[in-house]
Amino acid sequence: MTVVLRLPRELRPELRRPWGTLYPRPSIKTYRRLHEESEVLITVGDMTTRSFLRCSIRPDVAVVDRKMLRTVPVDPGNKFPVTLDVNNPPGTITREAWDTVRRGIDYALDGDATLIDVTGEEDLLAIPAILIAPENSIVCYGLPGEGMVAARVTQHLKDSVLRLLTRFRGYDEWKSRSWISGITPCCTAKR
């Protein structure tokens, strides 16, 4: 049986708060600075990924579902040497999606930019990206109607995100099985 973390309805407002700096209208200089300052640059979401690509900046890891606001197809092209496909239903983080984010970050640390193509919904995959990425990485994601958030990965941010994750449905089962599957809530990709 696959362990799935499910977002409870009561946590949705908390996820609307930015975990980093909110950029209502990022400039090309902002995109370049974020790229230069990051250990690993991870984008979650089609609009965010497309915005970096339009500035000729390829994220180290891009997580997309090829839709913007659930409707418009987005094609990141063939700009990524590695593409990983995964299913992740809306409002969830599956074990497979978590492991795929980890693999994508591992590829990026080895020098291979990776596109993670999600069937379903990618929105919540910023959570494993933050928990897995090495410190000083930057995870960028969109906040609908607000702009783009750039979250610099620190131990403090990882601790905050983990506290939120413990409130997801299925967390206790996931935590109890994580040693079997080789994943842990605060796992760090190889450096």
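Note that Cβ sites are derived from N, Cα and C of the backbone, with glycine treated the same way.
Swiss-Prot lists ASP65, LYS67, GLU122 as GTP-binding residues, and of the candidates ASP46, ASP85, ASP99, ASP106 the one it assigns to that same site is ASP46. Cβ contacts within 10 Å of ASP65 (GTP binding site), excluding its own Cβ and spanning all protein chains shown: 22. Annotation note: GLU122 (GTP binding site) sits in a coil segment as assigned by DSSP.
All protein chains shown were included, and the count of other CB atoms within 10 Å of the CB of ASP46 (GTP binding site) stands at 24.
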